[in-house]
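Take a look at the structure below.
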Amino acid sequence: MRFTGILTLVFLADSIYGTEQQDIRRVGILHPSQTSVFVLIDDLLIRMGTNITVTYINSTFSGDNLDQYQTADEIVKTLKISALIGHFSETFAVATEHNRIPYFVTNMVPWDWRQHRFLIRIIPDTSVYRMAICDILKYFNWMRVGILYDNDAASQVVINLIGNYTDRIKAFDIRYNSTSANVRLALKELRDNYYEKFIILCSSKNADIVLTQALYLSLLSRPNTWLVVNMVVDDIALDKYIDSRANMTSLSLMLDANTSFCALTGSNWTLTNAVYHDSLKIYQAMLDFNNGSGRFAMLKTLRQHGESGNFLENEITIDGCTGHVEFTKAGKRKETFLRMSTLATLKNGTTNDTDYQSGTWRSLKDTMHKRIEPSRSYDSVMRMGDDIFSNEPLRITTIIEPPFIQWKNDTPLSHPIYNLNDHLEGFCISVLDEMAKLLDFTYNLTLVPDGKFGSLKSHGWTGMVRVLFEKEADIALAPFQITPKRSMAVDFTKPFMTKGTSVVVKKPDRSVSPFQFLSPLSKYVWIAIFLCFVTTALMLFATSRVNNDRKPKCMHNLRESFWYIWGTILRGNLTGSPTGISSRIVSSAWWFFSLIIISIYTANLAAFLTISNAHIPIDSAADLADQTDFDYGTVDGSQIENFFKHTNISHYAKMWAHMHLLSKESMVRRVENGFDRVLREKYAFLWDSPVVRHHIANDCGLTEIGSPFDLKGYGIATQKGSIYTEQLSWATLKLNDEGILYRLEGKWWRRPNCPDPRQSAKSKAIEINVASGMFIVLLGGIVLSILVFLGEMVYYRARSKSKKPIEEREENNIHSSGNHVGNNAETSSKDDEVRTVLSRTLSIGENCVHNRWE
């Protein structure tokens, strides 16, 4: 290998103990490629809480000149550095090996450079990328592939691929001519030969040139497929090609943005920064392993392990931004994880960065199908088939929302506590306990600080979404509505309950009418009965008149006909009845009609006498838009507010205008405020139907209006790409299949205990205000009879006065005649007797006629 003789010549006289005056925590950063790296490293050292100091070395050396090796060695000794981090340099590789300090290389080491235990390679070598590309070709059955490359490492990969797929690979080397014109000619040649699969093994600059020319040639659209391989740890920006809807996948070193072991945040999420982060973290782990004694302890460890040993193997392992890091004796990573990334966007709560996470490739598996997982995230692959739940309890954030999550014995704690397992209960807690039994894990419950579910504001996410987004909790347990916007920031399990939005109002005060007894029949039925009564009475009068019924109560008398019909429907005891056939047919039909009507009336009377009327001017949520009796609203910042804000349905949009512009006091800050306001005011509260049903079951003063709308699912939220999502989804489906979710729902949503007035009508006592109408009818009848009686008395008294003068004149005539025939006294006496009898007979007849017809 190169430099062996030079190394021996230059450092032969140096003692291994001659450099022991170096600073045990001083790290040299070798010629960072970007000025932002300076700021990044300073920030990382603060975040990691270490006292490591850094020195930036801006000199670069190339070639095999002896003076350059000596200069590099002097720099290491003069600056008193105990570790070096940066791009590969031949001179510094020799110097660090001589001084026995670790050299963390942040780019690819030349394929022919010899391995030694002080050269620690964060980046995998060409054999790893060659194996990954071969697996992709086999997995997706790519038959003919065009390749464009621009570096020495890529050329080694291409040579190997051509050796394995001689007739299927056509490659273009653009190292020495990467102009747009040359790239365009290469792409045209591939297109003319009907190549539809393309692989790019270039730097970010040349990759951008290739993709731009491919866009101009319409080669990004289907059926063309592109694989962009990042071998140089140079962040290739693919954002500009999102709108082209290209079928594009990138392959690069793993960037695990969802791990809690990475201190990168926000715009620092780049592959270059991740490599520097993990290098610092590995060196810190070395110091911790050697009890902070630095280089001296490392040398001691080397002597204990022998010259063939390596203190890295099986002793220094970390989980960092680039995944799990563990090294072989030669300073290479034991297992490499590559990220297979499809072109997709993710807008989180703080940035609008593009995230391409979709699949994973790992190097140590023995078969192609085990190495490649195109649809599984790194976290999922790492834990696939293993127990993802360790002895460490899950950190679960939650929110008080009865009956999902509520205090035991309805008593909130007076002081904050970091483990609420013994103080909370509810439907979600019961579901979580069942999942813990299935999956064998423990947990610690804490309440979300701001008491919010989570919505996107100008300053970022709030509530439980923020807690998950900032990795302060593993799971958010609550009636968490699954929405597209939230799904961009966190992951959700399968829904454990389907919910809608309901309207809850206070039951209005019920009114009782004095004429409640008329309620069993509608007003139209009462009118129809009256018309039937009049028609039947007239028909009976007509038939009786023709039949000339002559009984003590003669039916051909109009008044008697009406009285007869009225008496029969009221079940009066009447002595007279019609004798004609047609009259009896009319009577029989009326009797049957009366029987049915009275049966129906009495059947419903008991219920209507015990039920009071309540009037609510709305029958559904849509009716709220066209009424003014009720104010209405929902929780500020909730997903229900978001639904109204973005809906295109006319009446819901009108409701949003009312809540947002016309009545800004309509919104409430918390759910409990909404229900309190319903009980105090004429206010309609719009909230999740399960919560509304729970409150109605416990408060008979509330009622739900209409049917739920805007149906969505409740899920358990996890961190984006969390390893727990799939297992929790499986547990949810299993609990549903076994009926456990249904049983728990029945436990926490008991049936309303409010009495139903119709069901208790038979046993409920009649109050005086309900029966007052009957007394009013009786009193009205008595008053009417008194008035009629007084009228008749006045009428007959006036009539008797008008008849008295006529009777006096008749008596005078009789006395005058008696004087003229006084002599015939005996004859006159007999005539008087006859006249008296006749007068009485006439009087009786007149009274009879009067009684019958008047």
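Yeah, the Cβs are placed from backbone N, Cα and C, and that goes for glycine too.
Because TrEMBL annotations are produced automatically, they should be read as predictions rather than curated entries.
Positions annotated as signal peptide by TrEMBL: 1-18.
The domain 'Ionotropic glutamate receptor C-terminal' annotation in TrEMBL covers 393-751.
The annotation L-glutamate binding site is assigned in TrEMBL to Pro479, Arg486, Asp688.
A Cβ distance under 8 Å defines the sequence-distant neighbours of the transmembrane segment (524-543), meaning residues of its chain 6+ beyond its ends; these are 518, 555-558, 561-562, 564-566, 569, 578, 580, 582-583, 586-587, 589-590, 593, 597. Look at TrEMBL and you will find 524-543 (among others) tagged as transmembrane segment.
According to TrEMBL, the transmembrane segment annotation covers 589-611 (among others).
Under the heading site 'Crucial to convey clamshell closure to channel opening', TrEMBL lists Ile618.
Around the Cβ of Cys700 (disulfide bond), the number of neighbouring Cβ atoms within 10 Å comes to 12. According to TrEMBL, the feature disulfide bond maps to Cys700-Cys754.
Under the heading transmembrane segment, TrEMBL lists 773-796 (among others).
TrEMBL lists 814-827 with the feature compositional bias 'Polar residues'.
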- request: Give the sequence-ordered set of same-chain residues, not counting Pro479, Arg486, Asp688, with Cβ within 8 Å of the centre of the Cβ atoms defining the L-glutamate site.
  value: Phe453, Ala478, Phe480, Gln481, Ile482, Lys499, Gln639, Lys712, Tyr714
Field: Cys700 (disulfide bond) versus Asp688 (L-glutamate binding site) - Cα distance in angstrom
entry: 18
Statement: If you measure between the CA atoms of Cys700 (disulfide bond) and Ile618 (site 'Crucial to convey clamshell closure to channel opening') and round to the nearest Å, you get 19
Message: Rounded to a whole angstrom, what is the C-alpha distance between Arg486 (L-glutamate binding site) and Ile618 (site 'Crucial to convey clamshell closure to channel opening')?
response: 33
Field: Neighbourhood of Pro479 (L-glutamate binding site), C-beta criterion under 8 angstroms, separation at least six
entry: Glu401, Phe404, Cys428, Met497, Lys499, Asp688, Pro690, Val691, Tyr714
Field: Which same-chain residues, if any, lie at least 6 apart from Ile618 (site 'Crucial to convey clamshell closure to channel opening') yet have Cβ under 8 Å of it
entry: Val503, Val505, Leu624, Gln627, Asp629, Phe630, Ala684, Ile705, Gly706
Message: Max CA to CA distance in Å over the L-glutamate-binding set Pro479, Arg486, Asp688?
response: 17
